[in-house]
Structure formats: structure tokens, C-alpha cells
């Protein structure tokens, strides 16, 4: 049997009891005959506590030092998991991101993995040991400094390591049972999906579903790595994220996989932009210069009479102030009228690989939202996703209406476990 | 001006306020024109808390993993100190023991420094940055695993780094004002020493004075590195530990520097050992095989009539059970009568470089103890130290009696700060 990579999130290793439970599960997998490599996050809220500590010392800590600080969180959890495994009579060795060969660029706080050189992990496996690797962290190729990959990036570490080791599967454990058709906290009848394609999962992650880190799914797709999302609190099968083989489409599948939502964005509208070649480019250059990631972008058709157009886009709320400042600086130069800022928006996305061959989907989605009294502000589509921006207060109604309209509601009565309970 | 290495203990960086205070002191030294390299311990009781966490998971954690766990403590404090310095407008870079080039052997939990390769520290200094280095930790030369140097070994890191960098002084900051003639918690009239020779400090550290780690003083002596022991809570001068230049003795100095005591030892007596060549060797070989560090060793003169002798020695109480077991195993082979174990003992040591040329010292010491009703169990001497083993309950009286007999009592009335207050 081959290598299994397992990733355990902070809620799974929140305390000594959780660490022992996880250790037992790891040992069981080893006893089944697999080589096991484990990626762990920091215990519970450790990372947030460390951030608070940094805030007490410095409101704007140097990113290099913040990374040095935060990476101690996984160091603690991985050593404890290794100890708990030893207590069960198996050999485990823990490795920092640097020791595990997670080589990154030098962008502290959101470094990207450049390469994985898992020589020490392979050596540990060859000795019969279980390797425990710190998620979320790596070492800069250029400066040899410790880096972090950004919030939630332990998933990415796990999939990248699985790909580098040629693992047969990457299992992502958390406190939820798998991927659901919608957030069960909003839609009581949401169903767990048995499987979903990597492409759909990618759209879900980009649309606000927090179950998997976006970059992790991108990695899984690029390396054709099967990912199994499941709960560390039960033995139930979770959701398989299945790579679609090149040039092949599943013969028959549900048209719509799920409804995702996102309340983390804000909307900026640049009003009265002269409708000339290059004006829009100058606006987006100004935003790129301050490294703001845009999501949806919509430009209204120019009113011929005025020669002016409006450009709207969404972006993470955290970047709102910076983006507004950057745009205000170029107002005179570009000659637009004014800027509107709205952070009371939400995004609802319908995801399904069958969508492209079923033209009625958009109409049914918008009609369901209209019946629920949800007003649509912006629209953006991809081949397997339709997203709309609505008023933040209408997100829940909109998600429920779409979920019902596309027959996603479960007929089974079961207690659904989905985040937020602290488990 | 040259390099100053400063070491701050856990009590100095116990919280955000402490870290900011320490950062200000570091920046002041930098502004005075020095290049500054800082060695930090873990915050407050962090190391003990991490040990507790390990205990919850495994009663006997693998040493490699325990080292991985414990080293996260300094990682946290050093990053926070670097942030606090940045907040004051200076550049600081933190380095783990491994990054700082602290190369050790592979004995987890009490690794010894083999070499220091401070290339990255020198590069940071050359850039004008303040280097912050994790104390207590290094990296194994053979296995590349993370090691720790043992409790209190951050002092050793500091002095070793100071020697490798050719620093002009190594300043050791804690919550006490310096080295005292005796523990001020026992002797209210104890005086702070302005300076003490490295040799005397070595005897004091070996005799139970907790102010400096023994290996740190050994390092300072070997590398002729001046050490300044002082408080991070005041601007007062502390105690200078001054290397005695080869072949030179200070012309005039106080005969007795201080009285140290130690309550951490136990005494074992092997009764009725056949007084033949090699019998003692077999006893000490058995103890060496289980890696027990002996302190004082005394063999009574053999009673000619019986041909039997008694051998007594002291050792750390923590090693008591293991030593007794090792000796019990060879009882038949060696043919001794029985083993006696006493962990209710204490050691009082009189230290002073002038002692060897003043023959009355021993007599005066023993007479002072006798007047105080303190009974002497074992005696051991070096050129600059006399140690006696007494009943544990008589340690305080004995220390006070010796302190007074050798005119060490201060005539000044001052509030003495000495540990135990949680500052």
C-alpha cells in the first residue's frame, strides 16, 4: 500500500484529548499497512493568540518576525502529536516546514510554495516512522528566512506534500463531515456531497465556502491528487474531491453541486469614468500597485449622451481603505466623478459542472432570488459558476431560495455537523 | 566600539510590558554605538507550561520531540523582542539556535555546544541590524535535529556566542542585582559583589548558587570572556565576572567572596566495602554506566581489623533512585554490606580565591558551624573552596554563621532584590 497524507486542523488538535484521538487515528492508518505522513495546524486558537501577543508589542509588526512568531504554533502541536503516537508504541518524527523541504518565495505572511524537497520525510518513512509535518510554513529559497503561507494554508501544505511524495490520497480532517450543498448553518436541509470535481471545488472555495483553502484545491487540480475531506470526530466517509482526467467529463452528474456564499467582500463603484481607451486600465493599475486582489468586476455600458461609464468591483473588505485611498489619489488624473464604497454586500454563487450544457440554469437562479425578494446588484459567471452580489442582509434568504429551487434539499432527517460549534 | 552580547532571562521578558522595557534597553545600547546581539529565554513560565502539556500527552515523551516542543518558547519571545525593537524604529532580526549556527552534539535535553558558526548573525550586524538569538537551543551536527542544552543554558548560549563573535562583554540580565556574598533570602545582610573572578564564580555555581549556569561560567573562563551579571529592572551596575589572566593573581583581594548553599543533593553511603584494589572503581563504573554525575566523594580510612571501608558520595536527588538501583545490582559481585540513602542533606560552601594562602580559613569555618550547633557530615575542599554536607534543616543557620564569621555582613541598610518575587 502507498503513502497516505493526513491533515488535521486546529479544532482536531485543540487539546490533549484531541491530540490523543488524532494519534490513535494515525496509528490505525499505519496499522492498516499505509505509510503515513501527517500535516498539523496549530492547536485551537493558538495562532490568533500569538497574533494578539504581537499586537500588544507592536501594532504593525515586521512580517519576517510575525512569521517567526506564528510558526511556533505548529511546532507545539506537531511535537505533541509525535509524543502521543510514541505513547501508542509507534515511532513518529516531527519536522518543521523548513525541515520538511517546503521551499517558498520570500513574501512573508502569504508566501507561495516554489518547491517541495521532502528528503527527510522520505528518510523517516523508509525507517518505518510516521512523519509529522508543520502546516502553514516554509523557508524562503532566497533569504533562508521562515515564511508562512497565509491563513488556512495547512491544507495547501498537505496537498503539495502529497503530490511531492506521490501519495495515493490526501485526507483533510476538520470538525465537519465533508462538503455540503450549502452552509448547514443557513440551510437546514443541506446535504453532504459524496464527491465533487476539483473544478467545482475550486469555484466553491473561490466563492466563499470555507471548507478547503483555495490554493489547496488549485494544487490538487494541477497535480491530479485525490482529496478526501472528512471529520476527525467520526469514522464516516466524507467528500471526495476527484480530479477530472484531462479531456474527460463525467457522463452523468447532478447539474448543480451546491450554493456558496461569502460575506467578506466590499463593493467599490467608480462613478462617471470618461469612456476612453485606457481609463479603466489606469484604475486597475492603481489598485494593482497597492496589491489589492479584485474579485468581480463589472463595467456598465456607457451612456452615449454623456460619454461616461461606471465601473464596479468587489474586493476583500480588509483591503477597502487602502483601495479607496489609492483611487482617490488618481481622481483628478483620470477625471471620474466620485467613489462609492459599500461593505454591506454579500455574494451568492451557484456551482455545478453541468451548468454549461443546461441553458435554463441562470434564469431559474434569478427567478428563485426574485421570488424571495432578493435584489441582484452585480452578476459574474464562469463555465461552472454564477455569482451575484446582493445586500448582505439578504444572503441567507437567497441561499435558501436557490438551494430549494435546484432540488438540493435533503429528504433525510439527520443532524448535520458544520463548524462554529467549537468542536 | 565593539559587540555587546546581552542575555535576558524569562523573568525579564515575562509579558508585553517586560518585552518593551527590554527592547528599550537594547536600543539604548545600540544608540550608545555598540553592535548588539541579544540572547533571550522563553517568556516567564512558558517552558514549564510546555513541559506540562507534554506530560498530558505522554508521561515519558521522546527526547527529540520534547526538544522540538520546548524550543518554541524562545521562538515566541525572540520574535516579540524583535517586533518591540522595530516599534522603536530600529531593525532587529530574530534567529533560532539553528539559524544562529549553534551546533551541538545529539544528546537531546542536555546537548553540548560543539561549535558556533554565527555567519547569519555577523551578516545581520553588518547590515546594521540588532540580532536576537534564541537561547537554550541548537541543532545537532549529525542528525540536523533540534536540540536543547538543558535548563538554564541560555546563559551558556550567550557566552558561547559572545566568544565566537569576539564581543567585548557578555551581559547577563535577570531579576537580581548581581552576585551576592550569600543568598539574601537567608542572609539579610548579604552584600552584592562588584566583581568576582571566573574561578570563584565557577565554584559558586558548582556549589549551588543559581545566579549563573555552571557551563556558562566554564565557557567564560575558557574563552576569557568578561561577564556582567545585572538586573534588567534597574540601571545599577551589577557584578563583573572577571577572567584571571593566565599565571596572574589579583594582588590584593578579599579572602572570602561568599557562602553558597545547595539543597538539591542526596547522599549515598556504601557500607562495608572490601578494602581491595579495584573495588571502588567497580562502584564508580556502575554509576558512570547509568550517567549519574557525582559531586563530593569521601572514602573513610579502612579499619585495619575488618579490612572494610565505607564510601560516601553526593549526587543530584533526581538521580537517586537510578543510582541506588545500579549499586544494588553489583552488591553480590563487589561484596559490600549495605547501601544507605539520605536525601535530607544540604551543602554549605565557602568560596574565596585567597583561601589557599590563609591556613586559618578551614578552622574558622568549622568553628563557626560548631558554635551554631551545625554538625558536619562530609567535607571536601578545592584550592578556593571548602564544602561541607550538613543536615538539610541546618543549612540556613550554617550559612548565616559562616557569613558573619568571615565579616561578609553588609553595614549598609539597603533593600536587596533577590529572586522569588516573581519580578
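Keep in mind that glycine also has a Cβ here, set from the backbone N, Cα and C atoms.
Features of the protein shown, as given by TrEMBL:
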BINDING   B:7, B:8, B:9, B:10, B:185  ATP binding site
BINDING   B:47, B:74  substrate binding site
DOMAIN    B:268-344  domain 'ACT'
DOMAIN    B:350-423  domain 'ACT'
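Reported as a whole number, the C-alpha separation between residue B:10 (ATP binding site) and residue B:47 (substrate binding site) equals 9 Å. Here ATP is bound by B:7, B:8, B:9, B:10, B:185 per the record. The longest Cα to Cα distance in that group is 24 Å. When the domain 'ACT' (B:268-344) is classified with DSSP, helix, strand and coil residues number 28 helix, 25 strand, 24 coil.
Classification of residue B:10 (ATP binding site) by DSSP places it in coil, neither helical nor stranded. On the backbone, the CA of residue B:74 (substrate binding site) and the CA of residue B:7 (ATP binding site) stand 12 Å apart.
Within 10 Å of its Cβ, the residue among the binding-site residues B:7, B:185 with the fewest other Cβ atoms is B:185. Within the same chain, residues at least six positions away from residue B:47 (substrate binding site) with a Cβ under 8 Å of its Cβ are B:10, B:41, B:70, B:73. Local packing around the binding-site residues B:8, B:9, B:10 was summarised as the count of other Cβ atoms within 10 Å of each Cβ; on this measure the leading residue is B:8. For residue B:74 (substrate binding site), other Cβ atoms within 10 Å of its Cβ number 31.
Mean model confidence for the domain 'ACT' (B:268-344) is a pLDDT of 86.
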